[in-house]
């Protein structure tokens, strides 16, 4: 409500204003040491959109005050306690809370406001609207086809869903091809697709409207629409007269009517639209009544849309669109009003006033429509918090004869339909004695004849009077060189040495006084710097984040062109300074060339000129010209030409039947610069091909065919439509004419050719414009076949025990039937000469490329019989092998012994055992056993040698050894050719002779987790060790001392108790009854032959037991570890049978009534492995 003021009231208001201005401090910054109401320091924006890809959404509210403010929020005008919601993240001593994006955000949607309060008042933030963006969707609907007569207008409705603006509309086909727009067809501002008149080509079934919402990264599609245009019969019958009948004057499809109004906010783009219909298609003109169109006005959408960017008040007025064709015109008038959101004319200011003074708070704003003003005090509407000494005059609040209790935070809010403004004004009514904020005892330094300023920042209510005195004088300093500023600081110009001393600043008002001291030091003029006064270095500009100073060095991060220039480094002490400067030159890649022009158009050549860009202090070395063509690889730029730096033009040689665009970029020592803007399109005429295919390959994958392949021309090299290839071929070894075939692909197969004969081939390109240049002739062969014969006269020469030399007579080239690849030798081992039984070993092969008649075969096993064949090969494959040649390799030295270990250690002896080598490579003659003392010193004992001439010996005892000594033991197997590689062990003799002897079991399978030791004496102490086969220095994995129980403990106990015997008898009886019942129940089901079941359900295992290889079957679980020792005595029980079924099945194998073996059908049981530790047999030494 606005009040009418009388002249007398206005005079009173002016007097009050003057009086208040004398006592009031406006726009104050009160130190936090003084009690004061809250001041909002950070608040959220007016709207906060919850985009789905954001992790969280902060609702910011920060404030300062004394006492510390407390915060609360309202949502949609109701109290909102954010601290009780566990999903919201809060910050301590802050009003800010964060809404995480981890659930349903819809419940948080609304309008929020923050309140910061303490005992002196409440500050209020502006309102923030939290908007949750729902995913926009078109409704699922079935749309009827649009049927329209040819020549009639029609509209396809889009009706896009609502969403977060901006909204962009696209009309496309189902294959994502844009609907072509022109003067006849266009998309309106509302998203609808308008057709000025229908033509037959408008008939289609896939008109799709796509609505894009870029801010939420979403595009949605409307159900496809179908349009059927019914052809006009008049046009078919009499086209000349029909055109006259169908022609009609323009009318507007949008907007409707003759005039409309348009309101928009200042700064928005003004968009006015007129879409006409008629035949011929009308053209649209725009005018502004009384004035021309504003500067910057743009006409788009083929003249149907007028855009005035960033409209202002001067753009208000009346506009007219006129659509016309030869038959008439149609007009529409727009009345445009540009409105404004509120803008401050006089924003209320915080004030500190004395008790008893009158306080004025002024708030005014302008806007269109005129903003309404709302006053609050401490967040409460003014009418709900009355005060006797407070009145409102128009846009001003007056507090008469203010008291301390009138201190509060006043809010003024100006709003219209386009927005609102909110301002908080802290009104403090207090009388305060002076408080000097400058530090007491501060020291100042001055140079003689230069100025210096001493600071004294005081705060008080009413304002203080500041005086300065020197030393102990009570008089204020005086003179033309001394000046006291309004902020209390003392400026001394042209300082003298006599000005040095102690100065006192005194601040005084009606409530009290306060003072501080300051020391001034004055020194004479000198050059250079002095470290006594605390030298400092300042390098500019220091306010930019990319600049930092470290150890007096200026560092610039991420240098740009704007950093180039002269830098001034200032070294400053408290009393003087010096400076130096340096020029920084920034090197960069060249700028993009400009003003590209195409000239001298000569069909398939054109001249390109350009103006080079700035080289940025590094000379350009080259210009790169690139091209883009829009037919084969649209959007891909390729290098066409490179020219030197002193050229700014080039003649471009181009391919035919291509539309080109060109661009240029420069290169210097820094790198390649950005490319220029592309030129306009340049189209070359079609022409015959300039070249023929390259990389012609002739291959023969089959004996009577010849495959011809070549590298096709690139699409851009076609030079025109209708590209084909002419393939010509003829035999080279006979006189015949060329045979020609024309193909479109880049390969051709010649059928029914002789095997591997030479041909001449040529391939020529052609298109609709003619043939390419004369092609070059290449030679090749038709298809290969396998070689027809094997090498002759194959012979083997034994070089040594593991290498032989193979020779042969090469295959004649007429028998190769292809390109010679080389020769291959296959060989396999028939048997070892130690063992008379023949057994074929794995086949081995070596390939020797090229034409040759001999080769060396290495890696053979000595003392073995081998068989060998030789064959040749070509590109098709291997030929037949030669007749096998058998040969024998001589003896060699044996391989090393796989097992060599210590079995017992005594004070003066060591017992050893070993196994013979797996490959003796000859007839073993014995073993060479060596040992020496190695008691951890550099000196070792003499090497002792023992020749063991019995090859069947597998154990030995070394005697007369030193006690508690470490020995190194070596063993090698020997043949007549010498001894093989050595295997060694280390062992330390005992200090005392042990009462017992170590017994070692056979090797155990590593998959076992337990082992049973039999044959132990009762009531006897044993040491048990678990050691690896390849042990070093008697290392054991496990060692423990056990005591076997006595006979009484074994045979006594509960087994002799009567109750236990009775229980066992009962269990046996119950088991017998159950077995009888099962047997009776089984007999009721009839008998069947297990043999029949095996025939009906054969399996691999059962078949393996019934075929001729039954005797070779073995159970892997029963096999000992390879190389393990079954018995140290090498004794085999005479009663063992090699054909026992226990060896092939479970230990409890079962048979049915007719004798069939049914162990396969019974449940499988885990076999418990038991190994017996037997004492080794000592070999006589």
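Using N, Cα and C of the backbone, Cβ positions are placed for all residues, glycine too.
Just so you know, TrEMBL annotations are computer predictions that nobody has curated.
From a predicted model like this one, the values you see are computed outputs, not experimental measurements.
The compositional bias 'Basic and acidic residues' annotation in TrEMBL covers 1162-1171.
If you look up TrEMBL, you'll see 38-129 (among others) marked as domain 'Ig-like'. Mean model confidence for the domain 'Ig-like' (38-129) is a pLDDT of 90.
The domain 'Ig-like' annotation in TrEMBL covers 136-226 (among others).
Under the heading domain 'Ig-like', TrEMBL lists 250-337 (among others).
Among the features that TrEMBL reports, domain 'Ig-like' is placed at 342-428 (among others).
Residues or ranges marked as domain 'Ig-like' in TrEMBL: 433-521 (among others). Under DSSP, residues within the domain 'Ig-like' (433-521) fall into helix, strand and coil as 3 helix, 49 strand, 37 coil.
Residues or ranges marked as domain 'Fibronectin type-III' in TrEMBL: 592-687 (among others).
The annotation domain 'Fibronectin type-III' is assigned in TrEMBL to 692-785 (among others).
The domain 'Fibronectin type-III' annotation in TrEMBL covers 790-892 (among others).
Residues annotated as domain 'Fibronectin type-III' in TrEMBL: 894-996 (among others).
Within the chain, the region 'Disordered' (674-693) has long-range Cβ neighbours (under 8 A, six or more residues past its boundaries) at 589, 591-594, 596-598, 601, 603-604, 606, 608, 610, 613, 626, 628, 630, 637, 654-665, 710-713, 717-721, 723, 725, 746, 763-773, 775-776. Feature annotation from TrEMBL assigns region 'Disordered' to 674-693 (among others).
Per TrEMBL, the feature region 'Disordered' maps to 1093-1181 (among others).
Summarising the annotation, TrEMBL assigns signal peptide to 1-21.
The transmembrane segment annotation in TrEMBL covers 1059-1080.
Counting Cβ pairs under 8 Å to the domain 'Ig-like' (38-129), the stretch among 136-226, 250-337, 342-428, 790-892, 894-996 with the most such contacts is 342-428. Contact between the domain 'Ig-like' (250-337) and the domain 'Ig-like' (136-226) is supported by 3 or more Cβ pairs under 8 Å, counting only residues 6 or more apart in sequence. Residue counts of the domain 'Ig-like' (342-428) by helix, strand and coil are 6 helix, 52 strand, 29 coil (DSSP-based). Residue counts for the domain 'Fibronectin type-III' (692-785) under DSSP (helix as H, G, I; strand as E, B; rest coil) come to 4 helix, 47 strand, 43 coil.
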